[in-house]
Structure formats: C-alpha cells, structure tokens
Amino acid sequence: MGCDRNCGLITGAVIGAVLAVLGGILMPVGDMIIQKTIKKEVVLEEGTIAFKNWVKTGTEVYRQFWIFDVQNPQEVAVNSSKIKLMQRGPYTYRVRYLAKENITHDSENHTVSFVQPHGAIFEPSLSVGTENDTFTVLNLAVAAAAHLYENPFVQVVLNSLIKKSKSSMFQTRTLKELLWGYKDPFLSLVPYPVPTTVGVFYPYNNTVDGVYQVFTGKDNISKVAIINTYKGKKNLSYWSGYCDMVNGTDAASFPPFVEKTRVLQFFSSDICRSVYAVFGADVNLKGIPVYRFVLPSKAFASPLQNPDNHCFCTEKIVSKNCTLYGVLNIAKCKDGRPVYISLPHFLHASPEILESFEGLNPNEEEHSTYLDVEPITGFTLQFAKRLQVNILVKPSRKIEALKSLKRNYIVPILWLNETGTIGDEKAKMFRKQVTGKISLLGLVEMVLLSVGVVMFVAFMISYCACRAKKVK
C-alpha cells in the first residue's frame, strides 16, 4: 500500500515536471511560431495582409484644416502692428482613399515601386462651414514675389503690376481657392511666362506623389516598407544625401517587433524630409495594446540644438544666425517660395516668433504629432499628423504694399491635422487574428508552466512528508 502511494506521488511529480517542461518548451516554440507568421504576413508581396492594406488603406483618413483669419490687415500693412489672428475650423476633407498605382516589383533587389495618387473630398458634416467661406489671409503672390526677386529694378516693375492689379499685402479668398488654387490677378499681368495659379496645396487633386521605391522585407524583415529611393519633389535632390532627408517608412507601418527604445523614422513629402518619433506611452486602442510614439520638440530645433536641421538654415538674417527654433525653411523644395513649416500655433518655437501675433495658443495635447503602433506587427493603427504652413513676408522699399513693414513676419496661413484610426470591424478582426492568438498562446504557455510547477512541488512535498512519516 505504501509503495503504491509513493509510486503515485512520484508519478504525479513526474507529470507536473513534464507539464512544466512542456510549458517551458512551448514558450520559445510559440515565440518562433508567432515570429514566423508575422514575418510572413508583413512582407509586401501578393497575398499577405500587409500588402493588401498597403495597396489601399482600409482606414478612413481625414485632413482637417484650421485657417488663420487676419483681423487687422490695415493696421499691419500701415503700422507694422502685431497680427491679430482668429482660428476658424475645422474644415474636413477625406484623403488617401485612392489605391497606389504603377506598382512594380523587383524580385532581385526585393523592392517595390509605386506612385500615390492624390485626391481630396470635402466632408460638409465634419466641417464648420462650406468651401465658399471666406478668409482674410496673406497675399501669397505678393509676399513670394518680394522674396524671389530682390533686385530693386525688378521690384519697381513688380510694384507697378501689383498696383495695377489692385493687390495688397492681404487678400480675401474662399477656402477652396486658398487650399486648391486660384488665378492670381497680379501674376496674370506679368509679361513673361510664370505660373499664374496660386494655392497652398496647388496642384493636388489628380496629381501623384512619387515615384517611391520601398523594400518588401522578403530577404530582410527589418527593412520592410523602408524607403529606398524617392523621386518626387524636383528640388529634393538638393538635400538628399547631403542631409540624409529620405529615410524610414511612410509611417503607415514599420518593421515588426517594435521595442520602446526604437526610434521610428518616417518620410513626409509635405515637408520634404524625414523626421522621427520616440516612445511616449502605452495606449489601449479598441482592445489592442499599442505604443504611442510622439514627434519630439528636437525635430524642429535650431541647428545648434539639432545638427540634423542644419540644411534648413539657408540664410542668417531671418533665422538670427541659425538660432531660431520651431520653424523649418523648406523653400528649396517649394521653388524658392518662402514657405516655413512648424507645429500648429508655433508649438515648441522661439518665443520671439509668437511675439508678432495675437490669438495663438500652443498646447501639446491639440498640436503634437503622434503614431499609435502595434508592436508585434509594426502596423500604425492610429495617427495624428499636425503641421502648420507659414509664409515669410519681409519689408520692401520698392513694393508699396510692403513698404511700411518694420520687421519680418513668419505669417501662419493654416494648420492641418491628418488623422486616421482603425475601424471597429478591422479592430475586431485584428484582435482575432493577431493579438487574440498571441494572448491565447501566451495563456496556454503560462497555464502549463504554472500547473506543472504547482503539481511538481505539491507531489514532492507529499512524497517527502510520506517518507518522513514512514521513517518515524
């Protein structure tokens, strides 16, 4: 009888040990299965989950605009006063709804090239007004002309055309005109061939961004979706290589198995450069654990604070010998036009920039850029890209519309929030196919390991107690 009991206890202990070992074995085996599955599905080739969503995003992406309406145009033009701004918006458009085109695979180099068509559909139900709402904004053509043509004789000629067209420092434009283009009366009088249509995003509809060439990840999963080459903005080559402006992905996805210590680099053709994001917080997005990566203030720092930005300081006066921070001069990829990019309301910018304005209230929550990345797959499931478009306007002795200015202004025109969030159905599918399976496998591993250890310890204690009793 005692022998049978001891045998039973030993058998129980052995079973417990086996379960614990199985749990221990299953953990690395399970991890290998997960990694193998993920590595297969994130490759950009026909038949994978990643490729299907890469060709055409299943997430609805919206671009919201807030326009800065100038309240005291006459005071500014005559007395060089502070510019009083009133933010109006949002005005919302659906974007990125068109599938990638001209998709060409290169199996030898493990790359795929494509172009991204542009389109914008106005969404009245998500907007505070219509595309016909009007705003008082800086005259884009007048400000740019004074910057592009600094020769005094040329400016005298331009001044006569500006006066003849009855143009001034400020103008009134509809939302549709300001964003997508209008025929400028001053430029229409220029006696030699120049583009006469002006708009912050002109041209946009029926155009394409690219050609992009990205790695498929077939040979090296750590390179998946990373941009190899980009041939878009015609002047971007001025910076490429010199300042390493094109690197990272397009931010829709990143190489899988993202760690919190990783720095995520991504390219934005809107600002003609790559930027980066760092880990900010853990977030639960519709039941899916994600890492929130945020754009740090250093991304818009001065070259003294961040040497990566040295190529955005192309002059010494406006930048105050390259010490001004919070704005990036992207004129080189805007045909020389004095366009400056910043975060909305000059978040993280030099205080002296804000001193020229009233009505700006920068805050981190509303004006920062972030990406919510699912760490196993590297897919971006939610994002908010926030940028502000500004135009530099300077005093000009020969152009009467700008003659009374006593200082340089980096004038905010608008700011945008491009945002997208995984839909409820897609989130449910993602939980079922990815996070659910991973959680279930992890649970099985832990249960086997825990039950095995408990059984082994319990039976060994019983066995030892039994042996001690027998000795007595």
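For all residues, glycine too, the Cβ spot is worked out from N, Cα and C.
Caution: TrEMBL annotation is automatic and unverified by curators.
Given the structure is predicted, the values throughout are model-derived calculations rather than measurements.
Looking up Cys272 in TrEMBL gives a disulphide bond to a cysteine among Cys313, Cys322, Cys333, identified as Cys333. Listed in TrEMBL as the disulfide partner of Cys313, from the options Cys243, Cys322, is Cys322. The local packing around Cys313 (disulfide bond), expressed as other Cβ atoms within 10 Å of its Cβ over all shown chains, amounts to 19. Shown are the disulfide-bonded residues Cys272, Cys311, Cys322, Cys333; the one with the most C-beta atoms within 10 angstroms of its own C-beta is Cys272.
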